[in-house]
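Novice: The structure that follows is given in the form of structure tokens.
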Amino acid sequence: MATSKFTSSTRSIPERDDGPRHVAIIMDGNGRWARKRFLPRVAGHVRGVETVRTIIRCSIERKVSHLTLFAFSSENWRRPAEEVSFLMQLFMRSLKKEIERIHENDIRFRVIGDLSRFDASLVSMIRDAERLTENNTRLNLTIAANYGGRWDILQAVNKLVATSGSVEDITEEALEPHLSMAFAPEPDLFIRTGGEKRISNFLLWQLAYTELYFTDTLWPDFGDTAFDTALASYGKRERRFGRTSEQLEGSAGDEGEALA
Ligand code: IPE
Ligand code: IPE
Ligand code: MG
């Protein structure tokens, strides 16, 4: 069975003093940004795409290797049909417009989530974009679309069960390669804009030991400075992974050390 390249962060400790390798963001607050300006909610989504562009550039400049953006949750289908359809159109339009630039900038593009509810034309556009950029290495950009953390865990369990001989085969290590972010280290830093302090069914498994950062800034207002403030906050955290501060003092930089 294929094994994941990265050990779970709950088992391995990343190098101290490094910036985050993987930043995962819930881009929230587009609707409120628009409402504050007496604009329709969807105007906020349009502005939000500009922030996506800014944060991709910042991530490259700050040497983040994985950027994962929550664009549409499995619960977002509950929104008014016109908003859902606008978001789908915006996703398609943005992908069509930006994919060449993404490729030229050596960015690897992926989408995670249950694509079975999407139009075939959108799915084929996504798959083409993934193929086009599959050898790029500067930044791994992942868009979570129709994604839900519970869906992710369940689909991984289903795949594992289908290949397992007995219950003893069902282990964390065996499950991880089936999760939709198996290609990436677990997020080091989670950012949620827009003021809410919840995970909203984003990467439930993968966020087990992620540093959480919440800001009231609305996604369309989030920019270079706000991103740097989040990185600075991360830089001040002590990632103990169950250990004590004293233990960490004595073992700076023991990357990948397995916990007993
Ligand atoms: C986030 O902004 C974008 C998506 C969920 C697609 P919202 O649309 O949730 O904005 P608010 O939370 O209503 O302000
Ligand atoms: C979470 O935002 C999902 C995305 C940003 C895509 P929501 O605005 O939908 O989250 P809740 O429903 O308020 O928690
Ligand atoms: Mg919201």
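Yeah, the Cβs are placed from backbone N, Cα and C, and that goes for glycine too.
Note that the structure is a prediction, hence the values are computed from the model and not measured.
What TrEMBL records for Asp28 is active site. The active site, proton acceptor annotation in TrEMBL covers Asn76. Summarising the annotation, TrEMBL assigns Mg(2+) binding site to Asp28, Glu211. If you look up TrEMBL, you'll see 29-33, Arg41, His45, 73-75, Trp77, Arg79, Arg192, 198-200 marked as substrate binding site. The annotation compositional bias 'Polar residues' is assigned in TrEMBL to 1-12. Taken from TrEMBL, the feature region 'Disordered' applies to 1-21.
Can you tell me where each of these features sits in the structure?
Specialist: When other Cβ atoms within 10 Å of the Cβ of Asp28 (active site) are tallied across all protein chains shown, the result is 22.
Neighbour list (Asn76 (active site, proton acceptor), Cβ cut-off 8 Å, at least 6 residues apart, same chain): Val84, Leu87.
Close to Glu211 (Mg(2+) binding site) in the fold, though at least 6 residues off in sequence, lie Pro20, Asp188, Leu189, Phe190, Tyr234, Arg237, Arg239, each with a CB less than 8 Å from its CB.
According to its DSSP assignment, Ser74 (substrate binding site) is coil.
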Novice: Asp28, Gly29, Gly31, Trp77, Arg192, Glu211: which of these recorded positions put a Cβ within less than 6 Å of any ligand 1 atom?
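Specialist: So the answer is Asp28, Gly29, Gly31.
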Novice: Are any of the recorded positions Asp28, Ser74, Trp77, Arg192, Glu211 near ligand 3, with a Cβ under 6 Å from it, and if so which?
Specialist: Asp28
Novice: At the level of the C-alpha atoms, what whole-angstrom distance separates His45 (substrate binding site) and Asp28 (active site)?
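Specialist: Cα-Cα distance, His45 (substrate binding site) to Asp28 (active site): 10 Å.
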Novice: Just how many other Cβ atoms lie inside 10 Å of the Cβ on Gly29 (substrate binding site)?
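Specialist: A count of 25.
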Novice: Quick one: of the binding-site residues Ser74, Arg192, Ile199, which has its CA closest to the CA of Asp28 (active site)?
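Specialist: For Asp28 (active site), the closest Cα among Ser74, Arg192, Ile199 is found at Arg192.
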Novice: DSSP secondary structure for Glu211 (Mg(2+) binding site), reduced to helix/strand/coil, please.
Specialist: strand
